[in-house]
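Enquirer: Grabbed the feature section from Swiss-Prot, which reads as follows:
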COMPBIAS  1-19  compositional bias 'Basic and acidic residues'
CROSSLNK  Lys7  SUMO cross-link
CROSSLNK  Lys8  SUMO cross-link
CROSSLNK  Lys17  SUMO cross-link
CROSSLNK  Lys18  SUMO cross-link
CROSSLNK  Lys124  ubiquitin cross-link
MOD_RES   Lys7  N6-acetyllysine
MOD_RES   Lys8  N6-acetyllysine
MOD_RES   Ser11  phosphoserine
MOD_RES   Lys12  N6-acetyllysine
MOD_RES   Lys17  N6-acetyllysine
REGION    1-39  region 'Disordered'
Amino acid sequence: MAPKAEKKPASKAPAEKKPAAKKTASATGTKKRSKTRKETYSSYIYKVLKQTHPDTGISQKAMSIMNSFVNDIFERIAGEASKLAAYNKKSTISAREIQTAVRLILPGELAKHAVSEGTRAVTKYSSAAN
């Protein structure tokens with residue numbers, strides 16, 4: 001058997017010296033990663049709950065269900081209003097498209113109340129803006 005060759009460390013050419021770069025917070029890893037914000041209707045749902053039933057609370061699961069409900073209704077109304085605008089060859093969704101979409105999506109008496117409350121809210125907003 002042949003004798004084993006001695007292992008020698010590989011010789012390296014000296015590396016070029018570069019000016020030391022400033023270490024930033026992200027390079028050192030000390031900066032905390034900011035939590036991504038999740039937009040919900042929770043605060044608004046809570047305010048309405050306190051207006052109607054001041055002594056009643058709401059669980060996190062119930063709040064999640066209510067948030068899903070509001071998102072669902074919003075998407076339905078926005079989708080229907082978008083279709084109505086497209087049918088009329090308009091590129092803008094106005095209050096009229098929203099009102100018609102509400103009448104189409106919500107049943108009977110609920111639609112009437114929603115339209116009257118919506119009209120009241122738009123009037124209040126318009127008078128405050130002027």
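Each Cβ is built from the backbone N, Cα and C atoms, and glycine gets one as well.
On a predicted model such as this, the values are computed, not experimentally measured, just so you know.
So where do these features actually land, and what's packed around them?
Expert: Annotation for Lys124 (ubiquitin cross-link): no spatial neighbours, criterion Cβ-Cβ under 8 Å with sequence separation of six or more. In the three-state DSSP assignment, the secondary structure recorded for Lys124 (ubiquitin cross-link) is helix.
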